[in-house]
């Protein structure tokens, strides 16, 4: 039974409204796929380097499968109650504390990803001056170094003329076209990477990849757990399931669309990780774009490297508004729980949108590095959103709809998520202390 929509985050829907129910299956798949593929694709080759090809494939498959299960858990519990948001489902199961927990987790995750996106965009366009391998931006390569193509001005232009018009869209379904373009850009990124890898393979220039990790000492074994949070983060899209699903006439449509999206994205992740690892081997960086920035020795190779970097940056620009939509909705629900619909209050809508953009822009300028933050976020915030919270909802079973099989799966999911997170956090803390 479809629940009555009472939350202020969504407009009242009429069955005859083609605008509200016009989202096609392909549009849903593109929106979900776009919200899945983000900064995570950048770190897949590094995850393959740490894990080896076979374990990486198995972990991607397992996490993708668990992601579809947890989405099913969420939607089943949602439709059994009266809520239409992730936070609302948690409130029904765990009270106000649960609602606030998922709102804060979602806001931290989405804001963190938006900052990471902005940092990567700045790195590609204007270079990275934080040490390590020299990384010159595309704008400097093409035009030389000037004040107008420095990091701050490049990001300012992107925010003002690309991101701002997109985040001012008030409904997720209106981002379907940009989502489709974004997804195709991600596919282009994979295709070009594949072409470069196959070309290198034919010419005998590929590295010798490891099928399994090297476990030469105990530290190497524990280091394997630091790659899992990166893959978990890559499949964390659960905060967008409710906004996308409840713009449909039948919210359950989002479940089969999610399965299609997860399969597509898992294939893209595996291809990116495999071909990136084949190209660069043990020299693979945590940011694969740094490797593509290296000289290829030919004009065609340099052109392909630029296309790889720019297609990826354009993809991130088009994913950005989907994350902003979720962040803005959760922040509004937390700050103004009794206010009318956000999309009907222009002053509040624009105020929140501009405030979030400004904070994200300043953070992207100030934050020097993303890697450790990326790992810690994957082992704490995103694993909670993707697995711990949905599993807890099933085990709580406030509406009495969870089956015994679902409870067993939820319990296993919860134990695996918590155990892996504890090991990953401990290993990261040990590595930081050792360094």
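A Cβ is built for glycine as well, from the same backbone N, Cα and C atoms used for every other residue.
Feature annotation (Swiss-Prot): of 100-120, 121-141, the stretch labelled transmembrane segment is 100-120.
With respect to Cβ pairs under 8 Å, the transmembrane segment (408-428) is most closely packed against 53-73, considering the stretches 28-48, 53-73, 181-201. Beyond the ends of the transmembrane segment (260-280), by six or more residues, the same chain brings 29, 32-33, 36-37, 40-41, 44-45, 47-49, 53, 56-57, 60-61, 64, 67-68, 186-187, 189-190, 193-194, 196-198, 200-201, 206-207, 209, 231, 234-235, 288, 291 to within a C-beta distance below 8 angstroms of the stretch. Remark: the transmembrane segment (28-48) makes no contact with the transmembrane segment (148-168), by the rule of 3 or more CB pairs under 8 A. With a cut-off of 8 Å on Cβ pairs spaced 6 or more residues apart, the transmembrane segment (53-73) and the transmembrane segment (307-327) reach fewer than 3 such pairs and are scored as not touching.
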